[in-house]
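Annotated features in Swiss-Prot:
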type: TRANSIT; residues: 1-93; note: transit peptide
type: REGION; residues: 23-93; note: region 'Disordered'
type: COMPBIAS; residues: 23-74; note: compositional bias 'Low complexity'
type: COMPBIAS; residues: 75-90; note: compositional bias 'Pro residues'
type: TRANSMEM; residues: 106-126; note: transmembrane segment
type: TRANSMEM; residues: 134-154; note: transmembrane segment
type: TRANSMEM; residues: 172-192; note: transmembrane segment
type: TRANSMEM; residues: 241-261; note: transmembrane segment
type: TRANSMEM; residues: 268-288; note: transmembrane segment
type: TRANSMEM; residues: 317-337; note: transmembrane segment
type: TRANSMEM; residues: 367-387; note: transmembrane segment
type: TRANSMEM; residues: 388-408; note: transmembrane segment
type: TRANSMEM; residues: 423-443; note: transmembrane segment
type: TRANSMEM; residues: 450-470; note: transmembrane segment
type: TRANSMEM; residues: 490-510; note: transmembrane segment
type: TRANSMEM; residues: 543-563; note: transmembrane segment
Amino acid sequence: MASMALSLTSSPTYSLSFRSLPSLKPLSKSQPSISLPSLRSNASKSPSLSHKHFLSPPSLLLPHKLKPISASSPTNPPPPPAPVPSPAPVSAPAQVQPWQGASIKPLLASILTGVIIWFIPTPEGVSRNAWQLLAIFLSTIVGIITQPLPLGAVALMGLGASVLTKTLTFSAAFSAFGDPIPWLIALAFFFARGFIKTGLGNRIAYQFVKLFGSSSLGLGYSLVFSEALLAPAIPSVSARAGGIFLPLVKSLCIACGSNVGDGTERKLGAWLMLTCFQTSVISSSMFLTAMAANPLSATLTFNTIGKAIGWMDWAKAAFVPGLVSLIVVPLLLYVVYPPEIKSSPDAPRLAKEKLDKMGPMTKNESIMAVTLLLTVGLWVFGGKLGVDAVTAAILGLSVLLITGVVTWKECLAESVAWDTLTWFAALIAMAGYLNKYGLITWFSENVVKVVGGLGLSWQMSFGVLVLLYFYSHYFFASGAAHIGAMFTAFLSVASALGTPPFLAAIVLSFLSNLMGGLTHYGIGSAPVFYGANYVPLPQWWGYGFLISIVNLIIWLGVGGLWWKAIGLW
């Protein structure tokens, strides 16, 4: 249905009225051209008749010198012929309006998923509300993947279903709209608007192209390692991705002629967005202060095994596998999902010319730059000042609104920001209540029983636990929620099965970041980069799964050897 609607929308419409027909050339020099009122008269035209004869009665087709035979007196002329009514013009048929609603097949797939799970008997130990919410949640996930409607609409329908079935109260269903993370992501899009509108984004982008732009790969690596250097100082991956790198990457894409919606996404933007997202997940796993939920892992580790993970412990253990991942992942994506622009030796020269043409910074560029520095400074030192990331972002946006660098109408026009806020908050709410209703605890306990009863070595048992912990993240829209729900249980089981406790804790801590690369909602940077609309959802999930395998191989393989060398096991 979606493809039919698309074809109806994009195909030109033709009117059958005579005005749309091309004028016909005269058949001879003596005959005038004929403008026909309908397709029917065109088909019945005789080439031997002029236009005047074509519309005359048969008796008038005789030559003028011959009188028509009449029984009446010559003094009584024949009555004039009855006028022949001209054929009525054929009116243009009414245009068929394209279908504006949902794509039927994806919608049915989403509904059917929920209905099937809903009517499966509730397992022992699971409450009915938890099972109903699981059915609605998975139905919503299928809808988000197949997209019968935009993501925000699908998520809103999921919340509506949970309230309608009394699975959640209204306040519970919409509780996550008060969560800071969705708002931080939305605010990042407003910052990006100011970044691009003022031209500051273009200026910085051209500087990057001037320094590293002779190849797309060099440009990508310059962004990757810049983000990794900022990671330990900015403890919010949403803030790093949305407030700093999304505006910069979008400006780079536009500067290189890669835009959304005109078929040029694959020139540079698709590869660059996916690369920056996947490497933001890696850099978040490399430092204790690189992601907001990492200190939670450290706290739960201390509560479970009585030993804390220090900042240097974390950084030393993550350095080698993290560095290898930062090098391998962009290169792998460059091979399997390559940009169309690979080499541009003239790009640095052209970028320099653009910078010369732009001249000195404008007033609005200066305001934008100072505001960005203020916001980043609060992200770095806000913990000591009692200012969290979203409050810092609101303060920065307030400065932009007061100075007129960004207007509120422009913020309202950022439909992607509001759409992302809607679907991300909806998923956070549903995933959070799956945990509150005890479904995640039930799942963890059953995994523990099954793996513990297999009689495997601690290495094999830990490998099974790692895979289950990692890929269960498809059911979470927050790293913190996943850690809070499953970290303690899996760490306890791994330790009981013989895994060195500190090794198990630090590996699960790293995986709590890396698993965010699976989906477009699994970590704070995911909806930021996905919301730029350069990469279609199937590719986002597909390459997310591929990179997850590569990361597991690197972190458990290369990382395992490194951890052996530094004495973790």
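Glycine too: its Cβ is placed from the backbone N, Cα and C atoms.
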State the residues, same chain only, that lie 6 or more residues beyond the ends of the transmembrane segment (106-126) and have a CB under 8 A from a CB inside it; answer 'none' if no residue qualifies. 2, 132, 134-136, 138-140, 142-143, 146-149, 154, 161, 438-439, 442
Given 268-288, 317-337, 388-408, 450-470, the one sharing the most C-beta pairs under 8 Å with the transmembrane segment (490-510) is 450-470
Same-chain residues at least 6 beyond the ends of the transmembrane segment (423-443) with CB under 8 Å of its CB atoms are 123, 125-127, 129-131, 133-134, 136-137, 140, 144, 151-152, 154-156, 158-159, 162, 168, 172-177, 179, 181-182, 185, 472, 475-478, 481, 484-486, 489, 521, 527
Best-packed against the transmembrane segment (367-387), counting Cβ pairs under 8 Å over 134-154, 172-192, 241-261, 268-288, 317-337, is stretch 241-261
Within the same chain, where does the transmembrane segment (388-408) have neighbours whose Cβ lies under 8 angstroms from its own Cβ atoms, ignoring anything closer than 6 residues to its ends? I mean 6 or more beyond. 180-181, 183-184, 187-188, 190-191, 193-194, 197-198, 235-236, 238-239, 243, 292, 364, 367-368, 371-372, 374-375, 378-379, 382
